[in-house]
Every structure is written in structure tokens, then in C-alpha cells.
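Copied from TrEMBL, the annotated features are:
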TRANSMEM  B:15-37  transmembrane segment
DOMAIN    B:38-554  domain 'Cytochrome oxidase subunit I profile'
TRANSMEM  B:58-78  transmembrane segment
TRANSMEM  B:98-122  transmembrane segment
TRANSMEM  B:142-165  transmembrane segment
TRANSMEM  B:185-209  transmembrane segment
TRANSMEM  B:229-250  transmembrane segment
TRANSMEM  B:270-294  transmembrane segment
TRANSMEM  B:306-332  transmembrane segment
TRANSMEM  B:338-357  transmembrane segment
TRANSMEM  B:378-402  transmembrane segment
TRANSMEM  B:414-436  transmembrane segment
TRANSMEM  B:448-469  transmembrane segment
Amino acid sequence: MKELFPIKHVMGFVFSLILTSVALLVYILDMSFALGLTILLITAFAQAALQLVVFMHAGESEDKGAIYTSVYYGIIIAVLTVFGTLLAMIWGYV
Amino acid sequence: MDFFERFMIPHPSPAIYAAMVAIVLTSIAIVVGLTYFKKWGYLWREWITTVDHKKIGIMYLISALLMLFRGGVDALMMRAQTAVPENALLDAQHYNEIFTTHGIVMIIFMAMAFIIALMNFVIPLQIGARDVAFPRLNAVSFWLYFMGAMLFNLSFVIGGSPSSGWTSYFPLAGDELSPSVGTNYYMLALQISGLGTLITGINFIVTILKMRAPGMTLMKMPMFTWSGLITNVIIVFAFPVLTVALAMGTMDRLFATNFFTTTDGGMDMLWANLFWVWGHPEVYILILPAFGIYSEVISTFSRRNLYGYNSMVASMVIISLLSFVVWVHHFFTMGQGAMVNSIFSITTMAIAIPTGIKIFNWLLTMWKGKIQFTVPMLYSLGFIPIFTIGGVTGVMLGMSAADYQYHNTMFLVAHFHLVIIPGVVFAMIAGLTYWWPKMFGFMLNERIGRWAFGFIAGGTCLAFFPMFISGLDGQARRMYTYSESTGFGFWNMLSFIGALGLAVGFILIVYNIYYSTRYASRDIGDDPWNARSLEWATHNPVPEYNFAITPQVNSSQAFWDSKKNGHTLFKGGYKEIHMPNNSGVPFVMSVFFFIFGFAFVFSMWITAVVSLIGIFACMLHRSFEKDHGHHISVAEIERTESELRGARNE
Ligand SMILES: [Cu+2]
């Protein structure tokens, strides 16, 4: 019975619903901009990771290495771009 | 009448009218010619619907050469205009349009197409594959690029060309300061061809990672394939930034959003920022395949294994990362503080280290090698000193404190041309000459090729070295004229003469193609250069399926091993080969993209929506299409193989 019931996927689905409702709270509840954005950022990244691992089977094929390398590479580039832009356009702008 | 007025050129001149007549006449000639010689069916079956990576590569190649001449004529007109002080050949507006289109055409529609042409043709052969991973998608890539290029070139005769520079900085490129549709063309044409490039990137990463011949581990890939892999990784991560920036710019211009405006919370500098987040990696997208070509050429014609294979790979990986963290050096003078500029200065100068490693590896490959001065090798040898000068002046520009002196002067123009011309154009010509026999079954004439090299290398030096001096003297770039008292006249005249030399060189290349097509021997065997990698292990011309038997690989130069060290490349007998079918859908969908882009440029929304429906209809058609490809029988392989072998033995 245990093999037949896709417990991992059901749990994943429930968890992604929870993440969505937490993100929705930002709109419903009255909170500060900073807090709202922090919640959105965290839930968004958790959601993306969840989808990638559970529903897109990132770690289940022989290409595991290539897939995770490209994901990490993408994250590094994105972080460098965003923070570099903030640095050049806002923080370091005189 | 109102409807047609929008298509008028806002700022016409006799040259543009002449071009309109020429375009109409050429189109009529092409249609009449195709009909007269009954070639429509051939064109449709063999080329427009093809998914064969070799044919797609050749179509990219032809488009790139066409665009080279369009961009080259732009360049000649610029140099002619500035050759003497107070020249009235062009007015300011036309000059602006010409330097804008020169930049875009050369970078996006010439250089990108050229590297993708060579990657398409060579990489599947080098890794012993039968095609790319997604052949149909490859055709989509080409046709999107082609339609983007055509849309961009259409601006010349319908509606007016963009004129705010190839970088198209806002607020100048906004609809207040650039009211003509020119910049709309820029946004849409780049968007469409950029989609094609992004698809190519994904396609080639998958191809290289998944379709290598048995035994070819990553560290046994030929260097051109390695450079292709790194290039496509950069494409996949850099092009989305351009896509987003172009979408925001288009919305600013057409839907009155305020991303890059100076009012209502817009940030005009964000465009420059996003543009160069894409733009600097783009430089490495162009130059890494060139490095790959030089590695192949230098190793082949020095008769030596490539020196420092591991460090070559490592330096490319490092370049691919560093290329994403230097972009601010394009706008050091925009107002960031010293801290920010210093950070990006240091990252910029750091790139010189892996690049230097590569230069030394090439030198050490040639060291003690038996160098053969063939045309591809001449370009590789010319590349090293000229590129080094271009690169070193780049390090000068990369020092942010000093950059205030050089910024936006002809010094910068000299620098990047002396990087891009030897780094990309020389490599493309070298690669073209090197792989030409594989593509067309005969060699290009060496003597004419050497003359062409002389004119191109000499012309490059003469055209761009004087700009260092006039730039340091204060000549700003993009200035359409200057007074005699500035003293720039002499240097600009030298540049003009150099540009003419370059033009002669390119005409010689065209003449060489014509001459060799007529007179060159077709009896050259499969491996005329005595080369080292797998693409030379199959026949000339390459059969549809590339390799009758999938090759077995044991080193980074498997073909050389099979010739010299008794390695067996092809084990076993023929088996049935499964190949993809041709399809007209990529072309049709790209035509819809073209109409969509054109409609968007002129804000014709009904047409835009209809063509968008067409695009989605094509995708839907693909989703429900059952296409399992076709099989080539053993008998047919045997027939083809013995024919190709027979042609050689005669
Ligand atoms: Cu740069």
C-alpha cells in the first residue's frame, strides 16, 4: 500500500498550497512593506525549489549533476546581477 | 491616406530612394529567377523546411555574410563622412542612423549569426552526433533570427531607421526624444532574433551534454565544442536580461509605462545597466567561439596537440563567471561612487588573467611546432598581436579613474574594434576557410586568401590605430563632423584609407569564393588539412546522417589517434539510422513573428493580435502533430557510402 500511495507528492502539494496561502496573507493582512516583501521572497524561493525537486524531478535522473549545477549557476548569476545593480544604481550612487 | 503616411521615411535622402528602388528590383529579380528556373520547390524542400544542422548552419552563414556587407557599407559611409573636416556627405540624422544600424547589424545580425553558423555546422560533427538535440527547434532559431534581421533592415526603407546608438540609451531612445518608429524596430527586431538565440543556447547545451559519441567525456571534447558549451551557457543566462529590458523599453515607448523615463519614478540609467548586464557577457559570447576556432586552427597547423587543454577549459569557465560581474565598466562616468567603480575595475582587470593564459597557451602550442602558413593560420597569427593591443587598451579603459579621460572618445572605438575584429571577424574568416572544404567539398584559393588577409589585417590596423591618437586628442565618438582647427582631419583620413583597405579585403574574399567555386579541385579527400578532430573523419560533402557508424572516442583528438596511433574509430557494421523529418512550421511561425513585429512597430493592433493567434496556432499544431521521423535503411547507407568513397578514389 505504501508504494501505491504517492505520499511525497501529496505532501509536496499540500506544502505548496500552504506556501501560497502564506504569500496571500501579505495581501490580506496589514503589515509593513519590508515584512511583506521578506515573506514574499522566502515563500517564492521555497515554492520554486519545491516545484523543481518534487514535481519536476530535478534530482531523479542521471543528469542530476548538470541540473543542479545549472540551477546553482543561475542563482549565483541572478544574485550577482540583482545586488550589483542595487550597488551601482542605489547604494553606491552619489 | 493617413494610414500610409506612417510608413514614410521621416528624413529621406536620394540614397534611401535609390535603396528602395534597388530592393524592389532585387526582389523582383529573385522571384522571377526562382520561377524561371523552377527552383521554388527546391528552395522549399531543401532549405526552407530543412532541420539539418548543416544546412541551417549554411543559411546562417549566408545571412551573416549579407549582413556583413550591409554593416560594412554603413562603416564605409561613416569613415567617408568623417574623412575630411566639415564634410557634407551625410547630415547629422543620417550619420546617427548609420552608426546605430552599423553596431546592431554587426553585433547581432552578423557576428552572432556567424558564430551560430559555425557552431551549427561543426559541433554536431565534432562530437560525432547525427544532428542537434532538437532539430526542429534549431530551424525555429534560424528563422526567428532571420525574420528579426529582415525586420530590422526594413526600417531603412519603411518608417525610418533607429538613430539612438546601438546601445539605445534612454531617455534618448524614449518616445519623446526619438519619436520616429526607428527605435520600435530596434526593440522588436532584437526581441525576435534574441528569442532565436536563446533557443539556440538551450539546444546546444543539451546537444553537447547529451549527444556526444561514446567515450567522449567532457574533458575529451575538442576545444571548439568546449567553447561552444561555455558560450551557450552564457547565452542562456545573459539573453533573458536583454529580453526583459527590451520588453520594458517597448512598453515605455508604446504603452506609456515609466520604467526608463526621467519622471514618475522611472530610472533612465536602469536601461544602461540592464543593457550591459547582457552586453558584457555578449562580448564573451562572441569571443569564446573565436577562441575555440583559434585553438583548433593553431593546433592543426602547428602539427601539435593543443598546449594546456585543462587550463584552456578552466580559463573559459572563469571567463564565463567573470563576464557577468564587470558590466558597470561601460558606464563608469554615470555617477556611481569611487567604491563601486573600484569593485568593477578590479573584476574587469581580473578577466585579463584567464585571457592571458589562453594567449600563452596558443603561443606555447606553436612553440617547437611545425607551423604551416595557411590562410586560417595567418588569421590566427595576425589575431594574437592585434588582439593583445586591443585587450591591453581595454585594461586601460577598465581603470575607472583613467576612464574619465577616455570615455566616449574615439579611443574607446579603437579599443573595441581592435578586440572584435581580430577576436571575432578574423576567427570567423579563419573558421570559414578552415571548414569550407567540409561544407562545400572544395578549398578556397590560398593565394587570393593571403591577399585578402593582407588587406584585412593592414586595413584594420590603419583604420583603427589613428583613432587612439585622435581619441586622446579629444575627438568624441558619434560626432558627425568636426572643424578643421581640431586637427582630427589627418587621423580620420588615415582611418578612411584603412576602411577602404578592409573593403578591398572583403571584396577579395567574395571574389575568392567565386573563383574557387569555378576552378578549385573537387578531388581533395575527406581530410585536406591533415586535421585532428572528428568532423574530418566523415566524408566530403557530409552525408545527411553525418556518420554511417557512430565513432568511438578515446581522447580529445580521436581522429588524429585513428590516423597515427592505430585507434579504431568505427566499430561494427551499418545499422538503420533514425533521422528527423523536415517541417515548414518553423518558417511559417517565424513569418507570423515577422508580421507581429511589424504590426507592433506601427501600433497596428488588430494585425498584431491576428499574427499572435497565428503563432499560437503553429505551437498548437506542433503539440498535436505526430512526427516520428524517418529511417534510412542499411541498403541506402551502403549506397551513399560507396558513392562518397568512389568520388574520392577517382
Ligand atoms: Cu564590457
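Sequential numbering from 1, following the chain as shown.
Cβ atoms are placed via backbone N, Cα and C, with glycine included.
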For the transmembrane segment (B:98-122), sequence-distant contacts whose Cβ falls under 8 Å of one of its Cβ atoms, 6 or more beyond its ends: 53-54, 56-58, 60-61, 63-64, 67-68, 70-71, 74-75, 77-78, 90, 132, 138, 141, 145, 148-149, 152-153, 155-156, 161-168, 182, 186, 190, 193-194, 197, 200, 204, 224, 228, 231-232, 282, 285-286, 289-290, 293, 420, 424-425, 428, 431-432, 435, 438-439, 478, 535
Outside the transmembrane segment (B:414-436), six or more residues from its ends: residues with CB under 8 Å to it: 61, 64, 111, 114-115, 118, 121-122, 283, 286-287, 289-291, 293-294, 296-297, 300, 374-377, 379-380, 382-383, 386-387, 389-391, 393-394, 396-397, 442-444, 449, 452-453, 456-457, 460, 463-468, 471, 509, 529, 535
Contacting positions for the transmembrane segment (B:338-357) when only residues 6+ beyond its ends and CB under 8 Å are counted: 308, 311-312, 314-316, 318-319, 322-323, 325-329, 332, 391, 394-395, 398-401
For the transmembrane segment (B:142-165), sequence-distant contacts whose Cβ falls under 8 Å of one of its Cβ atoms, 6 or more beyond its ends: 6-11, 16, 19-20, 23, 56, 59-60, 63, 67, 70, 93, 96-101, 103-105, 108-109, 112-113, 116, 172-173, 177-178, 180-183, 185-186, 188-197, 199, 478, 586-587, 589-591, 593-594, 597-598, 601-602
